[in-house]
Structures are given as C-alpha cells and as structure tokens.
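Annotated features in Swiss-Prot:
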{"type": "BINDING", "residues": "Asp22, Lys44, 71-80, Thr131, Arg192, Gln201, 221-222", "note": "substrate binding site"}
{"type": "ACT_SITE", "residues": "Lys73", "note": "active site, proton donor"}
Amino acid sequence: MTSATKTNNSGSISSPIVVALDYANKDAALAFADQVSPQDCRLKVGKEMFTLYGPELIRDLHQRGFDVFLDLKFHDIPNTTARAVAAAAELGVWMVNVHASGGARMMSAAKEALLPYGAQAPLLIAVTVLTSMDGEDLRDIGITISPAEQAERLAKLTWDCGLDGVVCSAHEAVRLKQVCGEDFSLVTPGIRPQGSEAGDQRRIMTPEQAVAAGVDYMVIGRPITQSPDPEKTLREILASLTKVA
C-alpha cells in the first residue's frame, strides 16, 4: 500500500516544533498556515478540527508542504484501532497516536496495521498521562501512583509493543530516555515560552527546558497561533533552542 496523499515520515525538516492547530474555523487555520513556513514547524490537527473538516483539511495542509500530526488519540478494541491507524496512514500523515492505556494487544494491532506501508508509515506514538492531569486526577480514576510513575509504566509497555515513542510531560523526559533509549521519541505538549500563560496545562516547561530534558518534538499552540506575528515568534523560539547546550 502507498499513501494517496503524501509521504511524511522522511524527517525532511529538523525543527522540533509542532504547532497545535486549534481553531474552530478552517479559513482561520489555513490563514495561519499561510503565515508560517513548513520548514520551521509541523502542524497538529486534533479532534475538533478533524471532526469539523475531516481529511480535506489534512490534504489542504499537505498541499502547503506541511507534515501533519493527526492527534486523535485512538482508544478502542484492537481491530477498530488498527483500522483507524491504517486510515491515517492512507491520508499520509507524519504522525498518529493511540492511548497506551488501551493495552498491549491494542497497541500491537495498531503497529501491525502499519507494516504494509513500510518507510511511508507514520510515526506511531502512544499517549501516557495527559499533561492536564495531576496526582489527584489519577487518584480519582483509581490510579494511586504518581503521574511520573504511571507515565513510565505506560512508556515501557509502549516500547515493548514496538511503537515509535510516547506523548508525555517534559518532566518525565529524562527518565523515559533512560528507560526506553535515545531512539524512543518523546512528544511533549504543555510547552510554553517564558512569559506565556499556562492555560489548561498543569505540568509545563519552556522550550529550552524541554530540549535540555531530551524532548524530541514539542507541541506549542496559543503562544504561536495567537501571536500577532506567528512566523517571528516561531523563529524566536527556534533561535532560543540553538543556545541550549
């Protein structure tokens, strides 16, 4: 099988920044995309935008040269999840994710569904603990260990299933690199440049701190999308990362 749209797992750009394209209006999203360079970032499409605009939005972004992270966090029975991941591969997305809490059989099925795509397969990432959750939130659902411990447990399971990495808090990055290895990709939301509001994220870091901790890809939303000059803000963040030893 080959992607009908675009091959996106080529590592063609070096930027670690993934901009969260969180808009309720497609025209606004595409207007933003037209203000930034696909050489400086990738774009993340989540549940709201994909529910509203579907595969057409992904194709529009691909036509503009962007790699797309399809952030739908699939969590279902193994067969359904596998089919959903294969559908994402058909769209040619660069990255797709599932919930690690769906278990080993679900994650293994998702990984197997991508085998026919070979080098054209998207990166398959698992979500460990949402960065909006803290220890109290975990206790509310019967998990008595800390967010860091739960993230490590699920990251190990993800690694055992052969996935490419996990979505995690930057606070867990150092430990997860030690446990799962340098080639295991860490994708981190909750990244806020110095002086930005935390919003609904509870466990946050600056871009510089995230890179120093070993994060491979950092998701940044409002500090860039709500900037009066998004490309300038994006390049300022990239410049700050070159100073990280």
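Every residue gets a Cβ built from N, Cα and C, even glycine.
Remember, predicted model here, so these are calculated numbers, not experimental data.
Annotated features, which come from Swiss-Prot, shown on the structure.
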{"residue": "Asp22", "record": "substrate binding site", "CB count, 10 Å": "17"}
{"residue": "Leu72", "record": "substrate binding site", "CB count, 10 Å": "17"}
{"residue": "Lys73", "record": "active site, proton donor", "CB count, 10 Å": "17"}
{"residue": "His75", "record": "substrate binding site", "CB count, 10 Å": "17"}
{"residue": "Pro78", "record": "substrate binding site", "CB count, 10 Å": "18"}
{"residue": "Thr131", "record": "substrate binding site", "CB count, 10 Å": "26"}
{"residue": "Gly221", "record": "substrate binding site", "CB count, 10 Å": "21"}
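Asp22 (substrate binding site) carries neither a helix nor a strand DSSP state and counts as coil. Classification of Pro78 (substrate binding site) by DSSP places it within a helix.
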